[in-house]
Amino acid sequence: MQKQSDAAATAGPPPETTSIAARAMAALRPGGAPYLDGLNPEQRRAVETTDGPVLVLAGAGTGKTRVLTTRIAHLIATGRARPYDILAVTFTNKAAREMKARIGALIGPAGEGMPWLGTFHAIGTKILRRHAELVGLKSDFTILGTDDQLRLMKQVIADQNIDEKRWPARALGHAIDGWKNRGLSPEQVPPGEAGAFAFGKGGALYTAYQARLATLNAVDFGDLLLLCLKLWRENPDVLENYQHRFRYILVDEYQDTNVAQYLWLRLLAQGHRNVACVGDDDQSIYGWRGAEVDNILRFEHDFPGAAVVRLERNYRSTGHILAAASGLIAKNEGRLGKTLRTEDVAGERVTVTGAWDSEEEARLVAESIESLQAKKHPLSEIAVLVRISAQMREIEDRFVQLGLPYRVIGGPRFYERAEIRDALAYLRATANPADDLAFERIINTPKRGLGDATLQQLHTYARAERVPLLLAARRLIETDELKPRVRSTLRALAESFSRWARAVETVPHSEVAQTILEESGYTEMWQKDRSADAAGRLENLKEFVRSMEEFPDLAGFLEHVALVMDASEAEGAERVSLMTLHAAKGLEFDTVFLPGWEDGLFPNQRALDESGRAGLEEERRLAHVGLTRARKRAKLSFAVNRRIHGLWSSTIPSRFIDELPAGSVDVVEAPAHFSAGASRFDRNPAPFGSSYGTPGWQRAQANTAASGRGFGQSHGASPGGRGGPRQIEGELVAKSTGAPSAYAAGARVFHTKFGPGTVAGVDGNKLTVDFDKAGRKMVLDSFVQPG
DNA sequence: CGCCCCTGTTTTTTT
DNA sequence: AACAGGGGCG
């Protein structure tokens, strides 16, 4: 496959033609084409193969972003395209921002104001606003966030008299999301799937949901793409216009595209057929939210004659790290196949350390960081990457105890916070009196005595008269259908909204926001709140009002908030970064800690249960992403005991550890200071079987016994010095026997710690056992005896 | 209408 | 274990 693609690439239009012309044209400009300097031959080919479809398979650390930005610079500098002829799509705002900045740096002001560089959703919005009426919307449509969607779904479910407990709105949301990801409008959903939800009502619910959106003049994120497809299919002239307009199309992170995005791109690319997709099938980690690795695997089929360029020269990691990552990812089937290589030194081996429990693991990580810090390793160049957010807690606790400065990347986002969503709801309801969802959110926030009963009345009236809630309120307060108290409260609220709406016309919008928050009693609500986070919320509200000043008007600000759900965070501070593996994609650090490599956690059991082998391969890609974040040092670890949902479970090392090439790995034993006193476990819970028979493990056990209790030696881990971690080269702690287990599902077994149980599943020498007392656990078969 | 207790849930995350 | 959301009660 690899050979084939390369052949196809060279069989295409000879790149030299464009290359010479490009260079000649660039040479006309003073200073030649400095932006091409320093590209390697493959990168250069990816940049200079301008015409026709191109797939750039860019492995981790091979200069993907550089290629993308240089390619745009090249298109503009050589006069092939003006900035507005180029469509460049990314997935995240961050990526879009970065690309803008780098293009600016490459070619100066000429590259500024690329109007069609943005996320799929931002560009989709831009297009839909221009043609809103063709898809049944007004151009000032609202973009709903997930919480609004959820509330809408709840209403729809209730309307259809379906038990929301049996068929939760979340599940419906998931189903509809899935359909939208696959580009399916309600009528296109396969009947079988539509019928699977709520006794055959899934399709009807989807239809009803879309109808509700339409009456609200609102769309959700999926619609931003789906409605473009509808627009183009029903209006070929409009499609043609865009096909013509976008002379060159570039797509970043192509492996993350879902079907809807793929269809979207394909329609547009059919014009000039100059589409360059950059991606890495080995870094596809978003399958669970609809990304189709197949899109990248099928590229050459979908775009016949496509040139394929592989970027395999890695400029990031040292040899052993790259070897470990490559060796691991090689276990995946269904990949296009790349071999990363580096000209860098072999460097340090990847280390693997076993800890007694997750608490000790956190301590090991923290102490390891402290000793690096002592050697002047900048903290900003250290990251701890975890599989799930829940792992962060223990690590944070440890950092706090030691006073290690750290920052969590990708936590709850600014615009997702309750106080911000409330403030936004006030602004939305002010800007758009028909925004029922916003009005509903704040009608009783702060508490003003307008509860469910009142809301029901409003709903009934609004539905009967087909008017928005706020208008329904205005009309009802003129009748005597409401209790006097409710009536006066509601009148005051309605009048406030009128007043605020008038203010928007004359007063700067951030001042109006300030006024709204004060007059509505919202600020006061938090001032009176005695809970610990109230002060922080007030701070957030201040920041929120302040951030509005950066936008020309209220509508502009609301659009920004709907599409750009992240607030820029201060970078470069002297802190350790803590984040999930997913959040780490695209980042790099000198030293990377990868804790929690245990079967069940990583690879994650749920991924395995839900997606089987595909799930396992995605987990493996995640591991690959994790390893390739490291420039100089990657430190894996696992714990033998971990608390899962509050219960202690015994765990076994990740199968991925076994899959690493032994030659690039060092097993490093934990410094000998197991916190025996703090553990609630017997030191020797089970006779160690073959898997724990390695010298390192045995020594760890011996040291534990000898070192006694307490924390006394916690700083004795001076690396390189005496008493520091000893290394046993090439030995793997979790070495599998490879031999199939002697046990079969259904067999009765006995475990010294967990007692009797029944084997539920077998995977090599790893057993899933339902213990009579202890519940379901995963254990190595050498830990149990026939029972 | 509002508060409190109980119950069920718990991957990864963007737009 | 921790949290969120719903139901029931005052």
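From the backbone N, Cα and C atoms, a Cβ is placed for every residue, glycine too.
Because the structure is a prediction, the values reported are computed rather than measured.
Residues or ranges marked as domain 'UvrD-like helicase ATP-binding' in TrEMBL: A:37-318.
Within 10 Å of the C-beta atom of A:Lys64 (ATP binding site) sit 23 other C-beta atoms, taking all shown protein chains into account. The ATP binding site annotation in TrEMBL covers A:Ala58, A:Gly59, A:Ala60, A:Gly61, A:Thr62, A:Gly63, A:Lys64, A:Thr65.
For A:319-586, the entry in TrEMBL reads domain 'UvrD-like helicase C-terminal'.
Residues or ranges marked as region 'Disordered' in TrEMBL: A:701-728.
Feature annotation from TrEMBL assigns compositional bias 'Gly residues' to A:709-724.
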Discussion item. Name them in sequence order: residues not among A:Ala58, A:Gly59, A:Ala60, A:Gly61, A:Thr62, A:Gly63, A:Lys64, A:Thr65 whose Cβ is within 8 Å of the mean position of the Cβ atoms defining the ATP site.
Written reply: A:Val67, A:Asp280, A:Leu311, A:Asn314, A:Tyr315, A:Arg316
Item to complete: Mind checking which of A:Thr62, A:Thr65 has the fewest other CB atoms within 10 A of its CB? They're the binding-site residues.
Response: A:Thr65
Item to complete: Check A:Ala60 (ATP binding site) against DSSP and tell me helix, strand or coil, would you?
Response: coil
Item to complete: Inside 10 Å of the Cβ of A:Ala58 (ATP binding site), count up the other Cβ atoms and send me the figure.
Response: 28
Worksheet, complete the sentence: Across all protein chains shown, the one of the binding-site residues A:Gly59, A:Gly61, A:Gly63 with the most other Cβ atoms within 10 Å of its Cβ is A:Gly59
Worksheet item: Which residues of the same chain, at least 6 positions away in sequence, have a Cβ lying under 8 Å from the Cβ of A:Ala60 (ATP binding site)?
Response: A:Asp280, A:Asp282, A:Gln283, A:Asn314, A:Arg316, A:Ser317, A:Ala325, A:Leu340, A:His624, A:Val625, A:Thr628
